[in-house]
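Asker: If you scroll down you'll find the structure; I have some questions about it.
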Amino acid sequence: IHSDLFSFPVLPTTSGTTPTQSFTTTSGTTSTRSTTTPVTTITSSLVSSSTSGPSTVSSTTGESLWICNCTEAICIEDDKFVIIPVICNPPPKPTCTNGLAPVQVIDADGCCWHWECDCFCTGWGDPHYNTFDGHYYSYQGNCTYVLVEEIKKSVDNFGVYIDNYHCDVHDAVSCPRTLIVRHETQEVRIAVVKPNSLKVEVTVNQQEVALPYKKFGLSVYESGINKVVEIPELKMNVTFNGLSFSIRMPYSLFGNNTQGQCGTCNNNTADDCMLPNGNIAENCETMADHWQVVDPSKPQCSPGIIPTQGPSTTTGQPCKESSICQLLLGSVFEKCHKIVDPKKFYTACVFDSCTLPQLDLECSSLQVYAAICADQGVCLDWRSHTNGVCSYTCPAHKEYRACGPIKELTCKSSPESQNQTKTKEVEGCFCPNGTMLYDDGVDVCVKTCGCVGLDDVPREFGEEFTVDCKDCICLEGGKGIVCEAHKCAEQNKISCDGEGLYQVTEVNSEDPCCPIISCKCNTSLCTTKPPKCNLGFEVYSHIPSGQCCPVYQCVSKRVCVHQNAEFLPNSSVFIDKCQDCFCTNEVNVTTQLNVISCEHVPCNTSCEPGYERQPVPGECCGKCVQTKCVIHTPQNSVLILSPGEFKNHPYNNCTLYSCVSIRDQLISSTSEITCPAFNEDNCKPGTVTLLPNGCCKTCTPLDSPTPCSVRERKDFIVYEGCYSETRVDLTECEGTCGTFSLYSAEANSLEHSCSCCREEKTSIREVKLKCPHGHSKTHKYVYVESCSCQDTVCEISKSRESRSAEENDRESALNRIKRAISLTSK
């Protein structure tokens, strides 16, 4: 301690009391030192400023010296001093504009203390800032910016920076991506691994490091959910968890000497929006634009150029406030309301929930507020009230606690550090009750403080184990784990000289550190190839004991073989249609194949009526072929007619059945004899008789003639081998004109006699005909509506010479039917 900083002028005193001296602290709060004890006068030979023993001090009147135990000696005469013990009176407690409680700082003399307001800046969400002096603003830039640097440089290469990025698809808002801390030769980067998450990674000078990290006066470690960068020499720490950051620096070292987006630390918000040139911007959103730094990864950002107007920090349209944000003003955080005002955090929460509702960024406002409350001594369990929206997931071997130690106790913790962890609390993942973290760099929870090796498995003292093929033991003291090379049992030497054999080294399931050497077989190295076996035989192979390559031979499959095909026992074998064969289980000793047994197929010589069995090539018993027409009458009787044969119905002489063969196709037809119009009134009495067909009546007519008229009848139509299945309505002209007209289905027209009674009006009708091969066709014919006596000339519709043989055959068959029917009209 420099004595010239703490020497005071001597004031006249009386009553044996020392004078009272006042001084001003760096934060503007005064501290008072006073004494009320009696004055002790000693000679200079008893005064010494060191602990090496008494010595004579030469001082002039009024000069003061600091002795030990906060005692001051003031020279009053040539060799006489007044000994004044210092007694400190607590100074008045100031109010910090950033809303935090002031801290006690020991004076430079080490005797008394004074109050100071720490420089504390924080940022969260998308993003919102609270400057060192407590000024709140939101800023949406997506470049890299200065959070804090010194105005007057006293520390080499010192500064804290933030790299923001647009975390919304519409580029409307920004979020922190990387926090950068520079100190002398080191640059620490804490970067978000996954956007909008609490998972981060730490690099130092662009190399990933494991935590805790400590080098060159800088350390990085975990504290709850945060990664902390601490510089003990500067009494500062920086935290970052992916969603929020905080910077804490002592006023005594950085008061009135900070600049950047965190503002000037002087407990006065008036100059928090200071620009790099020293001017004060009208708002901090504008100021924040000017603190860009050069970042090669962001060529669109150019420091020194005034950026374009950023997006609005308001939601634009009214937004329904989130129930999560309401927690800040409710009973969950009520204990902290009197210590830290929640209004700015509520404002930020509402903005985040309205702007980015899908990202749950409103949780960051609650998280930061809860962290500040815990820092001020009020720790709250708030995540359990968010219905899982702001839940925090821990690794399986740890559990979440809202209020845990800043530095978790470990088996390696010193007693001093154990006392320090009891002062403040943070949220995070901690070892379950009844266990303890083994060490800061070993994330293993143990029940007893034994040893933990590279396999992260806890061991108890005295426990022997094998790891990485080394036999180890856990010992208390020293390095803890002592290992030596694992010893393997001796193995018998083996030879792999046979064809296809080769030597391999395998893992021993009982002792993975001691491999087993054995012979393996690779059949691709064998030279003997499998033979090609005849039909009914298959390749059989076997490997003799101790060898690799197989021995092959052809063995019977116990099947039958016929015409290059194999048949299983009891399965049918087709040899020809006249034999019924199957494969037996009997084996031919000579061929080693199963025997095929056959029996001749029995024939059925009977055929249905109208059919005759005739030989057919490829058939053993021939085939029943139809040779006669089979006609089923409505009375369920069956008539068998040969081609060209006609027969009346047994019980109805007006029904005539016929059978014709056209091109080897048998066609049966049924005809109804239609009698001419008959009126007995036109007959001479006693002359009515039946015609020879037994169906129609005839008589000797009276003298008066029968007028020409239409005569209706029902009959089957046969055309081109096809016929109607039912009788259809047919008409013809008939009368005393002596002539008639008859419809010919073959000619599809009316054939006329040379008479004058003929059609006067006709129409075209359709009928469906059934053909021999199963298909059907539509046929049109002429229907006579009325007749009259007319003079006419007979026409031939088609010359016989121009007809085909098939047509002539059809006509001959039809004429035979007509002749049978015409008997009724003669």
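Each residue, glycine too, has its Cβ placed from N, Cα and C.
Values in this document were obtained by computation on a predicted structure and should not be read as measured data.
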Asker: With reference to TrEMBL, which of the candidate residues C659, C771, C787, C789 participates in the disulphide bond with C722?
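Answerer: Its disulfide partner, as TrEMBL records it, is C771.
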Asker: So C787 is in a disulfide according to TrEMBL. Which of these is its partner: C695, C696, C699, C733?
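Answerer: The record-listed partner cysteine is C733.
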Asker: In the domain 'VWFC' (558-625), how many residues does DSSP call helix, how many strand, and how many coil?
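Answerer: The domain 'VWFC' (558-625) comes out at 0 helix, 31 strand, 37 coil.
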Asker: Could you break down the residues of the domain 'VWFC' (451-520) into DSSP helix, strand and coil, giving a count for each?
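Answerer: DSSP classes over the domain 'VWFC' (451-520) add up to 0 helix, 29 strand, 41 coil.
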Asker: With every protein chain in view, what's the tally of Cβ atoms within 10 Å of the Cβ of C771 (disulfide bond), excluding that atom itself?
Answerer: 15
Asker: Can you tell which of the disulfide-bonded residues C722, C771, C789 lies nearest to C733 (disulfide bond) in space, using Cα positions?
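Answerer: In terms of Cα distance, C733 (disulfide bond) lies closest to C789.
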Asker: At the Cα level, what's the spacing in Å between C789 (disulfide bond) and C771 (disulfide bond), rounded?
Answerer: 38
Asker: Among the disulfide-bonded residues C722, C787, which residue has the fewest other Cβ atoms within 10 Å of its own Cβ?
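Answerer: C722, out of the disulfide-bonded residues C722, C787, has the fewest neighbouring Cβ atoms within 10 Å.
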Asker: How many Å lie between the Cα of C771 (disulfide bond) and the Cα of C787 (disulfide bond)?
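Answerer: Each residue's Cα considered, C771 (disulfide bond) and C787 (disulfide bond) end up 33 Å apart.
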Asker: Provide, as an integer number of angstrom, the distance between the C-alpha atoms of C787 (disulfide bond) and C722 (disulfide bond).
Answerer: 29
